[in-house]
Amino acid sequence: MSAEPHTTFSGGDASTGNGTTPRAGFREFVVSMAFLISLIAMGIDAMLPALGLISEDLSIMGENHAQFVVAILFAGMAFGQILFGPLSESTGRKYAVYIGLAVFVTGSLIAMVTPNFTVLLIARFMQGFGGAAGQIIAMAMVRDRYNGRDMARVLSLVMGVFILVPAVAPTIGQSILFIGDWRAIFFFLALQGLACLALLHFRIEETLPVERRKPYRVSMVLSGLKAVVTTPVTIGYTICAGCIFGGIIAYVSSAHQIFQEMYDTGTLFPLFFGMIALSIGVASFTNSTLVRKFGMRRLVATGISGIFTLTGLFLMWQLFVDATPPLALFVVFAMSTFFCFGMLFGNLNAMAMEPMGHIAGIAAAAMSCISTTMSVTIGTLIGQSFNGTVLPLTAGLFGLSILAACVMFTTEKLRGPEPVPQPGE
């Protein structure tokens, strides 16, 4: 298949209606979509080195309660997705993102001056709610321009860049702490939101032409939700994605405690966190090459099998050899396991989206809302069970791999064989 877009658009720019925004090429489009999606990742991971300072400064009670600073952003994202996806079907992709970015920047500024933990959580919810616009609409914009394995390739590249952000975000947060306090990190996030807005306005064309837009109606949202829930392939892969992402949330929520409290890594925390995040990014980029040769379904099956095997072995090590594994062993385990995670994100999203091309924005919103709500619940439960060891995390990932495998097997039985690409495609 060609790497060029398969659809030509006649619609103009959403904000101006004059079509003067230049059409981005393949590479620029991928980078821009990754930049939009990375806003959420930066908002999550840049704060991780500061969680201890936030807990002390705002007098947060409970050893695991600081994890809510991470989890609440994901909760806001889930609610934002169900609004901005359908809204983008009505107003165009860009206008909806403008609104979301404004909410994100406002939330960042409120968090910067927050007087207590409650206001901080509200501000973090706003960040997730507004940042969801970029997260969900970027996926819809990809679907507007690509389909099939090319869509999987683009999504894998976009998600690869998105996953690379955690490799540098904690270091950025730590660097800001060297010259300021934790509130300065939120000022940095506000600036990033403004930069995203400028990039979108001046460099990216509208991907949803006027003739393909639908008036915004609540019934349209409910219809989209019904289509996702009643399409076995779509809901199956969506649930599978929820299981996988739940493991990521569990890890990210407890990462500060694992590295700072359990292993006492100090200022080296961003280094170890970044190494593990880098393994996910490498896997996503690797997937973008392998997916055209082996297909999405085979790679997903391999990834889930890898997670099951690695977590099972590491779980047995903790139960029968050493309840507190050495730091080096944990890092090797985490890098190997999350490499397998990286093989899943783009493929699961692409497979779930394939039957939903006629309602891409609404479908992407519904899918992400369902999977994110599910993953936040799962990830929070696992994260809150942290007891000074990595046993709860390992057991949680092992259980999720089993659940994901069962859902995947059932969905595959319903779907049938994957089409074989013809020569020249």
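The backbone N, Cα and C atoms fix where each Cβ goes, and this holds for glycine too.
Keep in mind that TrEMBL annotations are predicted by a computer and have not been checked by a curator.
Lifted from TrEMBL, the feature list:
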{"type": "DOMAIN", "residues": "27-413", "note": "domain 'Major facilitator superfamily (MFS) profile'"}
{"type": "TRANSMEM", "residues": "29-54", "note": "transmembrane segment"}
{"type": "TRANSMEM", "residues": "66-84", "note": "transmembrane segment"}
{"type": "TRANSMEM", "residues": "96-115", "note": "transmembrane segment"}
{"type": "TRANSMEM", "residues": "121-142", "note": "transmembrane segment"}
{"type": "TRANSMEM", "residues": "154-179", "note": "transmembrane segment"}
{"type": "TRANSMEM", "residues": "185-204", "note": "transmembrane segment"}
{"type": "TRANSMEM", "residues": "225-252", "note": "transmembrane segment"}
{"type": "TRANSMEM", "residues": "267-287", "note": "transmembrane segment"}
{"type": "TRANSMEM", "residues": "299-321", "note": "transmembrane segment"}
{"type": "TRANSMEM", "residues": "327-348", "note": "transmembrane segment"}
{"type": "TRANSMEM", "residues": "360-383", "note": "transmembrane segment"}
{"type": "TRANSMEM", "residues": "389-409", "note": "transmembrane segment"}
Would you kindly check 96-115, 154-179, 185-204, 360-383 and say which stretch has the most C-beta pairs under 8 angstroms to the transmembrane segment (29-54)? 154-179
Over the domain 'Major facilitator superfamily (MFS) profile' (27-413), work out the mean pLDDT and round it to an integer. 88
Highest Cβ pair tally under 8 Å against the transmembrane segment (327-348), stretches 66-84, 96-115, 267-287, 299-321, 389-409, lands on 267-287
Counting Cβ pairs closer than 8 Å, which of 154-179, 225-252, 360-383, 389-409 has the most of them with the transmembrane segment (121-142)? 360-383
So which residues does the transmembrane segment (267-287) touch in its own chain, when a touch means Cβ under 8 Å and the partner is 6 or more beyond its ends? 45, 48-49, 156-157, 159-161, 163-168, 170-171, 173-174, 255-256, 259-260, 299, 327, 331, 334-336, 338-343, 345-347
Ranking 66-84, 96-115, 185-204, 299-321, 389-409 by the number of C-beta pairs under 8 Å to the transmembrane segment (225-252), which range is first? 389-409
Can the transmembrane segment (299-321) be said to touch the transmembrane segment (154-179) if we require at least 3 CB pairs below 8 Å and skip pairs under 6 apart in sequence? no
